[in-house]
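Asker: So Swiss-Prot lists these for the protein:
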BINDING   R94, K98, H100, E120, D121, L122, I123, S124, T125, G126, G127, S128  5-phospho-alpha-D-ribose 1-diphosphate binding site
BINDING   S124  orotate binding site
Amino acid sequence: MKKEIASHLLEIGAVFLQPNDPFTWSSGMKSPIYCDNRLTLSYPKVRQTIAAGLEELIKEHFPTVEVIAGTATAGIAHAAWVSDRMDLPMCYVRSKAKGHGKGNQIEGKAEKGQKVVVVEDLISTGGSAITCVEALREAGCEVLGIVSIFTYELEAGKEKLEAANVASYSLSDYSALTEVAAEKGIIGQAETKKLQEWRKNPADEAWITA
């Protein structure tokens, strides 16, 4: 499944690899990869495969789930499709409470004591997913864990998720993606090395000249 999803993401352009011409993230960090999983919304077969895969992850790891929660905004559509497949209630969680109306951070019902699984599109440092988890916990929900489409497998993300005491599972990951990209001839040996070095320490730009 990991390599299948990675292949889909590469084929539709949801993931770009440019180790020789790095992207600059909003944080200012240089990166050889850019991921925009919103593009999966435009490809019915891809999004259906993703929904089925996320459902499998949830059933395997969080079988007692009662509510599916999407992260705003990228996780909302996938959460909706998964909740529909599983015939479960769904809500979504904003990055912060609204500044008007009722000031809701959680939209839809997520009641005290309910067992919730968070659906996220991408795990990088884990920040947005953890914000979602914390809001649900503050509302009295029991957060079973997180499922996502893709993870960069960054140590910073793993450490934050562990510190937040939340389990996280992804359909595909950075390792599978680089392997598939190499198999497809998208990247060569030199590019593969740069990608591997970046993941070890993204903040150290020495990978650019690796």
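Going from the start of the chain as shown, residues are counted 1 onward.
Glycine residues also receive a Cβ, built from the backbone N, Cα and C atoms like all the rest.
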Asker: Per 10 Å Cβ neighbour count, which of the binding-site residues I123, T125 ranks highest?
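Answerer: Neighbour-count leader: I123.
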Asker: Counting every protein chain present, what is the number of Cβ atoms, excluding its own, within 10 Å of the Cβ of G127 (5-phospho-alpha-D-ribose 1-diphosphate binding site)?
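Answerer: So the Cβ neighbour count for G127 (5-phospho-alpha-D-ribose 1-diphosphate binding site) comes to 13.
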Asker: Roughly how many Å lie between the Cα atoms of the residue listed as 'orotate binding site' and R94 (5-phospho-alpha-D-ribose 1-diphosphate binding site), rounded to a whole value?
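Answerer: Rounded to the nearest whole number, the Cα-Cα distance is 18 Å.
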Asker: When DSSP states are folded down to helix, strand and coil, where does S124 (orotate binding site) land?
Answerer: coil
Asker: If you count Cβ atoms within 10 Å of the Cβ of R94 (5-phospho-alpha-D-ribose 1-diphosphate binding site), leaving out that atom itself, what do you get?
Answerer: 16
